[in-house]
């Protein structure tokens, strides 16, 4: 039992609400006291084990269950959940409403995945319970599958947690997720339950899932809990029971949650009975939301019950069934409020209900109307108490709606809430805010919570702010809390909180592996979680970590933030808030949380410098300590982003005020070791920041020191600055006219530079970075007299500055040091060059001067390096130290090789010259890094040169060395196989290979006459005779003589090896080197200017730290500095000796009189930078919107496309409905016309005679066409005539294929002329070829309006295409259409082609009306037993029953051409009437022979009268259903009447079915009724 319960551990109380905690809430289920109520509670439960095929009981999936009897109390069920299941109040309950009987599979599988993803996202975010029907099918199965997928994912994550840092100190990443609680409420009768295993609350039931459906349904095994109804019940009772359960779950289960009471600034919100001394308030209600997906009538009952109880419901429109019906009614009410709304909705709703639930309301109108009224009631309950309780999620309009299910659930909940007061307000506010925080919905928190209470200020609890900081992706909440000022950071953070933040980060891998193990070199796996020593003290690990990354000390003072937290402020509140914010920024930076860092940085009142610090930290982590490439890339991108933000802020400030921005670069920040902005930018190595025009102007001012060099234009020529500096240094007098000074006064610095926002580096002198130009009047600027006058006035102003200060400022300016050092360095190189080039041993005294000068340069470099290391720790000194070592080694070597030999000769002078030459090379090359980089022209070029040398040339050289060694050795071995000594051979090989890049030596490929004979004998024997080993060779052999060792050997191999080496080096490698240089130059060119501007700062610092006198005169400065040092020490010693108590008293008194001055930045400065930050945020938001606009447009386009598809489907349906309606109208109109025609023919006496009939054909327009499903194009009476225009007439084309006729008559049927014509038109053959082709295939060209005889299969076939229709007693000639096909002379029929007829045009036949008088008894003896009506005899006729259609028709014989029509009618009469199969008749019968054929059936009778009459009663058009526009029937109708008894009945089978009485009730196709009536009229019979 305990092992099974491990999957559902005890739910720990949320720390947000855990202000009061009691162990009494966890009651053991094993104690006797707790089981007393359970034995009388009518409840029984335990564990269900789901066993699958092939699974064992140990591996079965388990779930809790409880069986509830009918008499059980719902409160006992809640108590059971609390004490047995140990369930605590959920944050929210989601009741999924969808019955299995009305579930339809989702057509779009992606929607199912989106629904599962959205549901799991909500369940992973907060403690949410999901209620379903618990069955293994429908939506409940989809919910269970989602829980299974998530459970499997968690198992995989748990099984793979091998890294120590995946497990946090207080909670595991997976265990921190809420437990998946999916409850099913099911009746016992609906599940496959084994009653024999029923037990008490601790019983275990095993259910086998076989996969075979039975009458009982299966439970879904992925649910965690089941509530089973014990009694036998129907669906309605189950719905009522579930509603009772849900109603109880709205109240707390067990001990309710407790919320920390918040401080409100509105007393009305705190109004209530809660005592002020109680720090918490209890939860009284659990939020619940219903979710309707699909569903049926029973689910609508559930929805309306929830709405009556004011439980909000979310309806998923687009899922189908009841959800779509409810959405339809809801939107109809919202969009239409007229009087016709209810009547329309009721009618339309019933139609849609019958389509959705066709089996639910069969013959039950009351249930249907009740369900309809419930739909309407749901919509009427949508708005209650100023809240909306019904929300519709249209998944068609919002394709991401199901994936964002949590958003709509919260929206549904919030929109149904009403503002509360007092403790209920605090409960609601904290609960709602926690839900939005858990579900990461800052948009809803802002719109549904804070905006609702925007008239008051609310403070949140620190626990909520903890969640916002620690949970991934919650930076929007941090920003929201800080913007709304819901928390004060100095009241939130102390050293404990800071330590907790470090120890509870969501992903500690970065902090542990890079910061702790990488930067601090902590032991892997043992450094996390960090202890108190990490944050406490000035020398704590946190400060050391930040120092390693920023070179800044004591950035975080745990003592200060803790004292400020406790209310004992060590500074003002603004500074305390800034220190707390900076501490949080450092935490987010070190844990690499860019989102939170960005939000916190935006709230900083020092945004520019903090952006530089953040960029610096991440940049150093990426460069020095990050080993993972992805992490390195992310760090670099984040560092670049914040570096750009700092530049943008600087640009915004510069555009606002140039002077203010330049002055701010000198501002020092106490929290950052009193570093200035420009210094922090240099430490951060932000070249774009220093390259900004404001920084460059600041650097120009610093480059000139206190000097302001005046520009004087003499018209024809202009003196450059370097010349002014040299003249002022040498002659002193010119400085009075060309140079003025910035002198620090008592009140500050006197600025003499006017603000010029358009000034940039391009307007400055490109050679020596002169200061900004002073403005002069253009009208007088060029006049020499005016210039001299101004110069004298300028000199008088300079006399106000003491002359010693002028000298001091002049010689202290970096620009002066640069030019003086430059000229002295050039003198040094000149002297050094002269000393090297002097022949022989050189000049000792000149060498001595060079040695001394070099030593002074070396000493000066050492002094500068020490100062830089002390004051500019961020600067790299590796190359400087290397330079010190090299120069020191040079001094040592040159002293031994050049100076000492003057007294003790012991070495060659050439060696000394070589060493001095190397030194001279180095000092010449040193110009590239010391003096030339200051030039804006040469500086970027040198940067490009360095990049090409460091990257491209080194890479290329490594590749070239391979080919050089390989090519040199092989060439030497092939061309000079006997060359020795070996060391000279190697040197020769390598030198040849190296110089092969520049010189092409190929003269030794061809041997000479002397050497050709030497290589005649090359056998191995020659080699072995000379020596078996090279080291023991016989030098007396000729091949080892010096004159033959240098003989080249000519061979094909020599050519091949030399050629391949030259091709590789000259064509490939050199070209590759040029290409690499070109690419690097193009790449660096874009940034070389920024890099040069960044390096200007280092150059200025370098010359600022130099002595005023250059080498070798700097020894004077060292003497003076030594004397000053000695003087200070002596003074200090005497001062210490002469101290007395009186002096001490005086010093103490003076100390008390001194004032302590602390400089604090004013709020104006912070407000200014906040305003700049606000502008930057606005620009960033604008840029973000612009970047997101394509995505938004794409989403809108997708939505428009989706909506257009839906609209298209709707339009298609509407068009289809309109088409159906139009067709129905046409059918109705045609039916009305037919009814009118029928009404006209009801009275037989009123029917016209056959010869005078002018009625339009009706049967020829009937649909469908016989033996097909083809519908004719509708033709009304007025459009039957071809003379009546019918523009929309588009008849269907149909011609029955010839192969579908009987095989015996297929050769006698006309082919499809239209198809043949179209094929001929589409073919590329000529007319003659077409005719020849048709003739060869036996095709006969029809002869319209003519009769012709053809020979088919050696048989003469007569084809009569002459119409029998007459007009005014004359036969007509039918017309032909555009395709040369005959046109039905009686008008349109709605169908083109031959149809099922045998001929195009008229199809002739002979039709018979075989009649006799109807008798009472059909005997030949009785003559007077005729039936009479109104004194007239009754006529009866023979008819034929068509098997294919079931209709009756007069007997007839069709024309095929092989026999006469009279023979055909007689043959058909025998086959159809007598049903004779073997009939032998004359194929060429005439009319008389046909009459004689029928006369033979007369019975003998007395008298001369034969008792038999015959005659033709009609010849013309037949209104037949088979007629088309191009083929129609024509008939010659004969009336064969038997006046006396006949013997037909003796031969007719089923005579009762074949004799039909002629009356008004007889129904024959087409105009056959008229034909029969005409026969009756001729015989004087009744009809």
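Even glycines carry a Cβ here, placed using N, Cα and C.
Curation does not apply to TrEMBL; its annotations are automatic.
Listed ranges 955-975, 976-996, 997-1017; the one TrEMBL annotates as transmembrane segment is 955-975. TrEMBL tags one of the stretches 1026-1051, 1052-1077, 1078-1103 as transmembrane segment, and that stretch is 1052-1077. Looking at the stretches 752-775, 776-799, 920-943, the one that TrEMBL records under the feature transmembrane segment is 920-943. TrEMBL tags one of the stretches 704-722, 723-741, 1122-1140 as transmembrane segment, and that stretch is 723-741.
The stretch from 877-900, 920-943, 1052-1077 with the most CB pairs below 8 A to the transmembrane segment (818-838) is 920-943.
Taking Cβ pairs closer than 8 Å, the transmembrane segment (877-900) reaches residues 842, 844, 847-848, 851, 854-855, 857-858, 861-862, 864-865, 868-869, 906-907, 911-912, 915-916, 918-919, 922 in its own chain, all 6 or more past its ends. The predicted model assigns the domain 'TRPM SLOG' (63-360) a mean pLDDT of 76.
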